[in-house]
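Please read the structure below before turning to the comments.
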Amino acid sequence: MSDLFSFNKEKKNKLVDNNYSAKDIEVLEGLEPVRKRPGMYIGGTDSNAMHHLVSEVLDNAMDEAVAGFASIITIKMHQDHSITIFDNGRGIPIDNHPKFPDKSALEVILTTLHSGGKFSNNVYHTAGGLHGVGISVVNALSKHLEIKVYKQGKLYSQSYSKGEKLTDLICEEASKRLRGTSINFTPDPEIFSEKLHFNPKKIYELARSKAYLYRGVTIEWECEVEVPSDIPKKALINFPNGLKDYLSSKITLDNLIIPEIFSGNIESTPDEIKLEWAICWQNNDNSAFIQSYCNTVPTPQGGTHEQGLKSAILRGLKAYGEMIGNKKAANLTIEDILETASVVLSIFIAEPSFQGQTKEKLVSNGVSKPVENIIKDHFDHFLSSDKALATNLLEHVIAIAEFRISKKNEKNISRKNATQKLRLPGKLADCTRTTPGGTELFIVEGDSAGGSAKQARNRETQAVLPLWGKVLNVASSTLEKIVNNQAIQDLEIALACGSLKNYKEENLRYEKIIIMTDADVDGAHIASLLMTFFFLRMPKLVEEGHLYLAKPPLYRLTQSNKTYYAGDEEEKAKLTDKLSKASKAKIEVGRFKGLGEMMPAQLKETTMHPEKRSLLKVTLEDFQNVDKIVDDLMGKKPEKRFQFIYEQALVKMDKIINELDI
């Protein structure tokens, strides 16, 4: 106890000695905060964050279209990996700003956070861009940005780099028929990795999503870099029937429970809401998804508009069941109804409120009830217009509900009860915590790695499951093989959440599932087999964000009795160069043959300690096509695998050619 007080005293004295004065307060001006903390504005510095820059520029163009001022948007990906987005709208204002008389409005918008025309309803009734943050953030995080504005027979242009102005506003003569705004930019490799480039498929799908969200716009697509076989080099993208067209393109029509897509489109309401939706029910629950948008901005975390739709569908089916005397309908939940449903929802409202800068969840009050009333009214008409169709749908969702209810008694209410009921694998070193929150399961290969991991773990929160024998490739195996495989049996028993349609997140015994394999090629192969298992047998576990990859080191570098670790050859080279410049002392390099060769203390320090390790979260951008993607790469047909590798090689070769100094 005395040690505790002496420690606090020492700590207090250190704080007193450390003068905390005005000079310690940082004041970041202009776009400095964006470059210093990009994650606060775009959610990180990874590939998803970099593509968010494209979304911001495209959202601004879409705002012009939705407001009725633009009909064509052009997206062009260039050989140098820059991108140009043009809209034929009114063009950003170029006259001097009244608050900054020495600057054009264009320069103010590009260099000042929280500037723009979306703070009132005078310019845009509905808007999707980040209200004066989006384009200035793009400018701040771009190595180069050039903007062109066509207005009244003039072309106004200006160049920027990393948020700083390179040129004054230049005015030239141009055709009077041209109008609008063109923005070309290249993400800054100092912020994003030099290895990162725009993904043509991702941007093409983004363009498609914007086009179906607003029927009045045509998007011209052009890509100069190599594209996958399913992505065109050039295309005109337009969906005259909006969301219904889009949903039809995403599903297999002969796989529908009922042959009709329930869709609707309301242009305006007394609540000043524009609403569109499309819903269908399929035989395969792996095809289920919900995609929602507000003012063309994706809201992957849902929000009040989704709540309204869910309430409408649930109330509608329960009311129909009551009307025809089917008492089982009273037991329905929204999860039963949506288990095999594919849903697309779009809403346009004035002054939307989002959760966070990246706007992933709509939190606007006063949205849920109007959406519920509109969709409920249309759904009632949809069901009553075709009795056979409505009865088929009702019986389908009731069957799902009955299956859920039949399993209710088998559910493990707490993790403690689950542990008591399950005969856990003998090789599992379980953690002592009895609730899933904060717990982790490390999946390792063999006893050697398992032994080190068991000694390195935190026994309260970290469990270790060594897998014996060859990990099965479930993509090319029969159901009988999968069911009888010992490693898969052990894994499914340890997780306790079930698989495929029997998967239940509430039964999952751990918050994080971490695949921890050797840092070499063999380890990567085992990790790919395990990920294949999760993608095909437990895709919702991945979708819900429970699956991770550990990043153990491959090399150990020692200099002057100090130890450093590197994950791969490139990291080793950079670290060696850094250490050589800092000191002339000899650097000793050792290569780990595997996790089992590492001392428990090393494994804990580099790979397992939550505050010191680095984890990769496993995500999928296209859950609807996961079966096809995994089958192409991991399935029985080598020609599909060859095509996948060939397409990736083309992308890689394109990068290499563009980097050659010729």
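Any Cβ shown, glycine's included, is placed from N, Cα and C.
According to Swiss-Prot, the ATP binding site annotation covers TYR20, ASN60, ASP87, GLY129, LEU130, HIS131, GLY132, VAL133, GLY134, ILE135, LYS359, on the basis of sequence analysis. With a cut-off of 8 Å between CB atoms and residues at least 6 apart in sequence, the same chain places GLU56, VAL57, ASP59, ASN60 near GLY134 (ATP binding site), listed in sequence order. DSSP assigns GLY134 (ATP binding site) to a helix in the three-state reduction.
Residues or ranges marked as domain 'Toprim' in Swiss-Prot: 439-553.
According to Swiss-Prot, the Mg(2+) 1 binding site annotation covers GLU445, ASP518, on the basis of sequence analysis. For ASP518 (Mg(2+) 1 binding site), the count of additional Cβ atoms within 10 Å of its Cβ stands at 24 [all protein chains shown].
Annotated site 'Interaction with DNA' per Swiss-Prot: LYS470 (among others), in sequence order.
Feature annotation from Swiss-Prot assigns site 'Interaction with DNA' to ASN473 (among others); the stated evidence is sequence analysis. According to its DSSP assignment, ASN473 (site 'Interaction with DNA') is coil.
Feature annotation from Swiss-Prot assigns Mg(2+) 2 binding site to ASP518, ASP520. In the three-state DSSP assignment, the secondary structure recorded for ASP520 (Mg(2+) 2 binding site) is coil. Counting every protein chain shown, the number of other Cβ atoms lying within 10 Å of the Cβ of ASP520 (Mg(2+) 2 binding site) is 15.
Here the Cβ of HIS525 (site 'Interaction with DNA') has 14 other Cβ atoms within 10 Å, regardless of which shown protein chain they belong to. Residues annotated as site 'Interaction with DNA' in Swiss-Prot: HIS525 (among others).
Summarising the annotation, Swiss-Prot assigns site 'Interaction with DNA' to ARG641 (among others).
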Out of ASP87, LYS359, ASN473, HIS525, point to the one nearest ASP518 (Mg(2+) 1 binding site) in space (Cα versus Cα); all of them are recorded positions in the record.
HIS525
By the DSSP assignment reduced to helix, strand and coil, which category contains GLU445 (Mg(2+) 1 binding site)?
strand
Between C-alpha atoms, which of these recorded positions comes nearest to ASP87 (ATP binding site): GLU445, ASP520, HIS525?
HIS525
Candidates GLU445, ASN473, ASP520, HIS525 (recorded positions) with Cα within 10 Å of LYS359 (ATP binding site):
none
Just how many other Cβ atoms lie inside 10 Å of the Cβ on ASP87 (ATP binding site)?
27
Taking each of the recorded positions LYS359, GLU445, ASN473 in turn and counting other Cβ atoms within 10 Å of its Cβ, which one has the fewest?
ASN473
Can you tell me how far the Cα of ASP520 (Mg(2+) 2 binding site) sits from the Cα of GLU445 (Mg(2+) 1 binding site), in Å?
13
DSSP-wise, what's the residue breakdown of the domain 'Toprim' (439-553) into helix, strand and coil?
58 helix, 20 strand, 37 coil
